[in-house]
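Peer 1: I have a structure here, written as structure tokens, and I will follow up with some questions on it.
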Amino acid sequence: MAEEVSSLMKATVLMRQPGRVQEIVSALRRGGGDRLQVISDFDMTLSRFAYNGQRCPSSHNILDNSKIISEDCRKELTELFHHYYPIEIDPHRTIKEKLPHMVQWWSKAHSLLCQQRIQKFQIAQVVGESTAMLREGYKMFFDTLYHNNIPLFIFSAGIGDILEEIIRQMKVFHPNIHIVSNYMDFSEDGFLKGFKGQLIHTYNKNSSVCENSSYFQQLRNKTNIILLGDSIGDLTMADGVPGVQNILKIGFLNDKVEERRERYMDSYDIVLEKDETLDVVNGLLQHILRQGDCVELQGS
């Protein structure tokens, strides 16, 4: 008889190797909260991809769709999206082939935003007026990590100021959260003049842009990782972590499901297909922390 996590029985759950997943989950459970850290993407991973059939905005979209952006700028940003997004998710191109296109996309978009005379105080307002939503079950997720002293490292190619404000407005911005993202750089008179540090895009989310060796050094006893992402580029987010013993990779498959399913199942341990909740992640956390409901099942 094998003990399994009941949330893994959800219809949205796909696993190429259920036995392997069970081994990793058992190892995470043996380590408990003391050994665990979570590394996650933000846009369309912690935030929702869609609600009632409507696409939800990413942190970039929130700004693109806001009234502080001119109509011309919005049009140009939309054109960039329609040109580059198909390249980003094209299953027939290698990451190496996509890289220069992603750099061009982010650089052009950031350059357009810097021409808009965006002011720092407008960020909270723009987020408040947006339709951004965190996935169902977000409060339990953020609170469970915080109350069990489990660090949450958010590695995002979005806009740091925006996603931080979303988490704040949802009242779950706890002290255990560390964010690496594209943060806005404001002039002394409060206008956006650029972005700080190295550009982070979908396909360089790894130790090359991560000036966080000291962050991970402090957590060197946290040798077990749950990684959450929604793109193939998210799989490298834990590359800068020293001494990893066990890592469980969970991928949200939100878009172009049919053509990307096989690749996701080859790459992620657990794939969540069109699942707008954090139920599976929360169920796993409860299980690892020995708080969860388990069902007895025949071994996988």
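Just so it is clear, glycine is given a Cβ too, placed from its N, Cα and C backbone atoms.
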Peer 1: According to Swiss-Prot, Asp41, Asp43 bind Mg(2+); which one of Asp189, Asp230, Asp239 is listed for that same site?
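Peer 2: Candidate listed by Swiss-Prot for the same site: Asp230.
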Peer 1: Which single residue out of Lys96, Lys98, Lys108, Lys205 does Swiss-Prot record at the substrate site shared with Ser156, Ala157?
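Peer 2: Among the candidates, Swiss-Prot records only Lys205 at this substrate site.
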Peer 1: Just how many other Cβ atoms lie inside 10 Å of the Cβ on Ser156 (substrate binding site)?
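Peer 2: Other Cβ atoms within 10 Å of Ser156 (substrate binding site): 26.
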Peer 1: Look at the recorded positions Lys205, Lys256 and tell me which residue has the greatest number of other C-beta atoms within 10 angstroms of its C-beta.
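Peer 2: Its Cβ has the most other Cβ atoms within 10 Å: Lys205.
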Peer 1: Whole-number Å distance between the CA of Glu88 (CMP binding site) and the CA of Asp230 (Mg(2+) binding site)?
Peer 2: 12
Peer 1: To the nearest whole angstrom, what is the C-alpha distance linking Asp41 (active site, nucleophile) and Ser156 (substrate binding site)?
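Peer 2: That comes out at 5 Å between the alpha carbons.
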Peer 1: Between the Cα atoms of Lys205 (substrate binding site) and Asp43 (Mg(2+) binding site), find the distance and write it as a whole number of Å.
Peer 2: 13
Peer 1: Starting from the substrate site formed by Ser156, Ala157, Lys205, give every other residue of that chain whose CB sits within 8 Å of the mean position of their CB atoms, in sequence order.
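Peer 2: Near the substrate site, the remaining chain residues are Asp41, Phe42, Asp43, Phe155, Gly158, Val180, Ser181, Ile200, His201, Thr202, Gly233, Asp234, Met237.
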